[in-house]
Amino acid sequence: MQLTHDIQPEKIEKDRLYLDMGLSDEEFQRIKQILGRHPNFTETGIFSVMWSEHCSYKTSKPLLKKFPTDGPHVLQGPGEGAGVIDIGDEQAVVFKIESHNHPSAVEPYQGAATGVGGIIRDVFSMGARPIASLNSLRFGPLTNNRTKYLFSEVVAGIAGYGNCVGVPTVGGEVQFDESYEDNPLVNAMCVGLINHKDVQKGIAAGIGNTILYAGPPTGRDGIHGATFASDDLAEDSNKDRPAVQVGDPFMEKLLIEACLEVIQSDALVGIQDMGAAGLTSSASEMASKAGTGLEMNLDLVPQREQGMTAYEMMLSESQERMLLCVQAGREQEIIDIFEKYGLKSVPVGKVIEEKVFRIKHLDEVVADIPVDSLADDAPVYNMPSKEAAYYRAFQQMDIATPAIEDYANTLKQLLQQPTIANKEWVYDQYDSMVQTNTVVTPGSDAAVVRIKGTEKALAMTTDCNSRYIYLDPETGGKIAVAEAARNIVCSGAKPLGLTDGLNFGNPTNPEIFWQMEKSVEGMSAACDALHTPVISGNVSLYNQSKGKSIYPTPIVGMVGLHESTQHITPSYFQEKEDVIYCIGEAKAEFGGSELQHLYSGKYEGKAPHIDLDVEAERQEKLLSAIKEGIISSAHDISEGGLAIALAESLFNGQGLGAEINVVGDATVELFSESQSRFLVSVNKKHANAFESHFPEAAKLGKVTDQGQLTISISDKTIIHERVEELENLWKGAIPCLLKSKA
């Protein structure tokens, strides 16, 4: 396809060139009606990216409306670069999650790196200083050589960008499953801190005000990146490498500092990152939100390559670029700030009263489009939904409790499953301590970052067990939100809100859309029950390859507030003689569990049941006990069940052990993944106070200084292992798999 506006408009329709841009026949006819004429090549390209799923949410928008987005502390919900929640003292936390799945499948290093860069820009475009990054990653089995390559390069890309840009990577999650073999998921989250008075919006307001371009020149990288992200991943995906952007973290570091200084000037009206769809999306969205129009001259846009067409400049996704609206006559004030940081900024257009998006190039109008048709008036589709064929069969299955002969060996095998195994190989590559505010580093239930100059801190996590959501999307959606909140509470913080990263297959498949629909309903119910509004998010669809879809993976990024750093609670056992309790009861629930997969190689049956009222009550009571100072450690019981939680609580290098005695069926008690459960340790002087909070909690045993994990069932020892040996297996699993030959 020629990347030029020289192609005659009639030829675009005759040869159906718009199909290659991602537009349907019906959508092209709608564009003709909007314009009252044939669109030219540049206009067709502009519509194609703005009407892509990635930019318009045209199939997911009806579902997103189901999320609760309001709350007493929400200052900015969905609709801007990131959401904003009040944390008191005229301060707020800003956060969002974003996906970079397709680019990471094609060019994993740059795909992951630019995913980090893009989400950081979303946060500082709101006026916030980025203080932490997290990620949520999915790959195929680590026995596959291509998976090893993708895994290694994605982690290297996240580390390469994050470490250089000066924002600590403090947490995240990594899971492995066959459904992600050809379609990895790379979701990046950023958290920022802001004063209320500094909150910005991406608007182009004030007739006659100037549109300013800031950052490096525009090149040909990333053209049609938004469209690429809105289609199935092709088998010959190497041809899509030009759609992957190239990032420069050192440029971004300068851009952060320059923009945060610019934001202090009252000459600034609005600011937005040039993300997906580049100049096209930032300019048209800023005008649409302000109810204005915008005129831009592409001859003024800095260009990295010679002979770039209007089409290429408008659709380029070159990185580290920002678009600003500045008061007319005060442009030089802003230009001078950027120059101080060695960055170029130039006027490229102005705000106009007529609500059109008018683009000029080489003394010719190359696009003249009603601005709202690109944003709020983009098409929205109510997709057909059909219950997945497998779901009813799974619901009717009676999953037997696996018969275990050797409990110690089963524990060892589970500790070496890649999804459970230690992720030190990953997070050791990340700089988690830059900015010197990280209190709880990667590897705990939630990361914790202190707020300088205050007693407060922020807890943050990313969570999603996609196997549960595959088995039962509605129940799995509830569990995803509940587990994220559970992890925040275990750290001693109160959950504030969440950002959602909805990763699904092709929404034109009614069964996939049903997965989306039910997942959102489940998540929404949990958000209501746990008082955690959705303040931002991202949708990534068409995550399938060779006709095979990923498991539905709606990732939850959640942030919580510590009113005092004294309430920060570790996930590891602390001292010998501390009493160990389990809050919540285990049931024979093995559908989607790690034990089920270990013994059968499958995930099938019912997902674990969750009662949201019980979940909310237990979280509230545990948080109250933590604030009273009676909890020594708290750990969420999740993948692998109680046995894994016990082992993980000992893996802190202090030489501690535990003596545990449980009553009931050993397999159920140790390996069930029943929900709403916590493993806590309590100093024995606080045991009575704890039991008054949780009279139903099971007293399991005590912490020892013997370096042994001893588990008995009705006083009969079934596991007696050195903690050091268990920890070595847990830590060595992923490095061992990466070194092995497939």
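Positions of Cβ are set from backbone N, Cα and C atoms, glycine also.
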Taking Ser536, Ser540, Ser545, Ser549 as the options, which does Swiss-Prot list with Ser99, His100, Asn101, His102, Arg121, Gln245, Glu317, Ser318, Gln319 at the substrate site? Ser540
Out of Lys14, Lys96, Lys456, which does Swiss-Prot tie to the same ATP site as Tyr57, Asp500, Gly537? Lys96
Relative to the Cα of Asn538 (Mg(2+) 1 binding site), which of the binding-site residues Ser99, Arg121, Gln319 have a Cα no more than 10 Å away? Ser99
Candidates His54, Tyr57, His100, Asp273, Asp500 (recorded positions) - the one closest to Glu317 (substrate binding site) by CA: Asp273
Measuring C-alpha to C-alpha, could you say which of the recorded positions Glu98, His100, Asp122, Asp273, Gln319 are within 10 Å of Asp500 (ATP binding site)? Glu98
Out of Arg121, Asp122, Gln319, point to the one nearest Tyr57 (ATP binding site) in space (Cα versus Cα); all of them are binding-site residues in the record. Asp122
Compared by Cα position, which of the recorded positions His54, Arg121, Asp122, Asp273, Gln319 is the closest one to Lys96 (ATP binding site)? Asp122
What whole-number Å value do you get for the CA-CA distance of His54 (active site) and Asn101 (substrate binding site)? 12
